[in-house]
């Protein structure tokens, strides 16, 4: 959950061949928050239809918006940059697909999207999600049982497992994967997210929808912005003087990256508290209107979570339990969510990759090899390519759509990246090492 500052100036987006103006009133009322800003002055046709599958409210909103479309095509400024070779192009991919071929890929993906929907793969199974919720609740209750019988370390580890599995559930409900009525998905996300997990549903959406809309696009995807601790692209180094202590961190980031993974949950807990505390005055109407639900849910989470610590025998046990449960949960989450995108190239906004949604998702995502245990442990995110192409598709259908996605990629000459964990993790480390080498090169100039 890496939240970024947003610009709120009016802009245009193109949907179904029409340029629609997004003014302050429209932007504030957007239920998806900042995700709409990622396609500022761009064609958002495919991403709109992909993100809003089955949403009557979204299409009613679009119909009203199209009534106000300007009759003349607006002037859209070109996006240009001047990268320095050997520095700004490190870890950066290129998008060299012609407009004609890009249009063919877009049409092919639309056909795939229609086929997937016709085959019922966008429909969630209530029984599946009831089972997954009960699994996590029973895991927590068993951890309570172990704690009661003084098996404190196993109890803490089991709580960490529960934290991770709850992470997948808030992710799925925040993506509206089960209910067609999005209000019910929101309620479910408050329960598994705010109350059980301690993560803000709204904070998750605000960050994660932006990430999905502009995956690995520099300046758009907030997940790439890990400064001052890590730099995923050389552009991030420009924010610091060459003799800064931050540059020293960057020089060795590939070494200490692994050691920071367990702290992800603690970071997200803190960011959730900050986000929820600011919701009553948030720019977007949706977050202001749902602030009370999230505040109550998060307050109840910390009430029972701190109550669990209270019943431990002494402070040393409490500290051990807190750290073990949250660090285990943090590592189990982070070793998944960092694998899929940090191990692949990033793209400049000027690369034009955002003009083709399918290419964007396939070229910026790596799958983990599937298996029954991995499917459970990773919450289906080992099928990350499929998930990014169809974010509202329920977890239990991702393995079914995988052959269709492979077929689509092969037919359109697109890569389909899938590796075992250690191969993907090493590629992730290499990406951080590449930027570390750039930081070392820059700091040597002043030595």
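Glycine too: its Cβ is placed from the backbone N, Cα and C atoms.
Per Swiss-Prot, domain 'Cytochrome b5 heme-binding' is recorded for 1-80.
The transmembrane segment feature in Swiss-Prot is assigned to 137-157 (among others); the stated evidence is sequence analysis.
The transmembrane segment annotation in Swiss-Prot covers 257-277 (among others). Within the same chain, residues 1, 3, 163, 194, 198-200, 202-203, 206, 229-230, 291, 294-295, 298, 326-331, 333-335, 337-338, 428-429, 432 sit at least 6 positions outside the transmembrane segment (257-277) and bring their C-beta atoms closer than 8 Å to a C-beta of that stretch.
Residues or ranges marked as transmembrane segment by Swiss-Prot on the basis of sequence analysis: 292-312 (among others). With a cut-off of 8 Å between Cβ atoms, the residues of this chain six or more beyond the transmembrane segment (292-312) that come close are 144, 147, 152, 186-187, 190-191, 193-198, 200-202, 272-273, 276-277, 279, 318, 321-322.
Annotation comment: Swiss-Prot describes 319-339 (among others) as transmembrane segment. Beyond the ends of the transmembrane segment (319-339), by six or more residues, the same chain brings 147, 152-153, 155-157, 159-164, 167, 261-266, 269, 309, 312, 366, 368, 377-379, 381-382, 421, 424-425, 428 to within a C-beta distance below 8 angstroms of the stretch.
Residue counts for the domain 'Cytochrome b5 heme-binding' (1-80) under DSSP (helix as H, G, I; strand as E, B; rest coil) come to 31 helix, 12 strand, 37 coil.
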